[in-house]
């Protein structure tokens, strides 16, 4: 078995914990390049850590999302450095023992893994990674007299059409992120649904929860271009008229370690 570690960049506490973990576990450990440089060790790019059996992310949800995108479907264990931490269930004080315990259980073949759905966007000229949090389909810019014409369908049945700044489709994981700021609902992680939320629509429909086995299509027109963004990091332009298809991705995010105390994390949103 091999363990990979990704630590939040420019964060001495994260690097310190990475060093403690690698010295404690009794399996080969590979560090991401930036962490390895801090510890004067050999490292590799984060994508190559997908060859490991388990990857430990040390930081906040952003670090976890970055690691999960790069190494999926390799399981990820998140160590939370005091942020909201909807994805990171392990505290710094418990991380060394927790990682060692998960490694032992994985070696014995009895580790429990939680799987979270990802969202895949496809369409003309699109080349986007699967999204852990959300996919946004946006006009050239937001605001009055901007946006684009949209037609949203679920398995071919019409949900909404009209002028809007865009459409946001969120996973349960992403429901506490961009989706929440756009007025969408929080979705419990045990609920297998995507959330469709229009963004500043002229005739807005309420947000819609859609089973993850359904296909969502967004037809866009009425603008010189549209932008499709996965998790706010990777963007691609499409030329209207065009249709973007959103469906559950082939590979889920797999989380190792203790299960998240969801309602405890919600308290930190205040």
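Cβ coordinates are placed from backbone N, Cα and C, and glycine is handled just like the others.
The active site, proton acceptor annotation in Swiss-Prot covers 61. In the three-state DSSP classification, residue 61 (active site, proton acceptor) falls within a helix.
Annotation comment: Swiss-Prot describes 61, 62, 133, 134, 144, 163, 165, 176, 177, 178, 179, 180, 181 as NAD(+) binding site, evidence class sequence analysis. The local packing around residue 179 (NAD(+) binding site), expressed as other Cβ atoms within 10 Å of its Cβ over all shown chains, amounts to 27. In the three-state DSSP scheme, residue 179 (NAD(+) binding site) is classed as helix.
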What is the total of other Cβ atoms whose distance to the Cβ of residue 61 (active site, proton acceptor) is within 10 Å? 23
If you count the other Cβ atoms within 10 Å of each Cβ, which of the binding-site residues 133, 165, 177, 181 comes out on top? 133
How big is the gap, in Å, between the Cα of residue 181 (NAD(+) binding site) and that of residue 61 (active site, proton acceptor), rounded to a whole number? 17
Measuring Cα to Cα, how many angstrom lie between residue 179 (NAD(+) binding site) and residue 61 (active site, proton acceptor)? 15
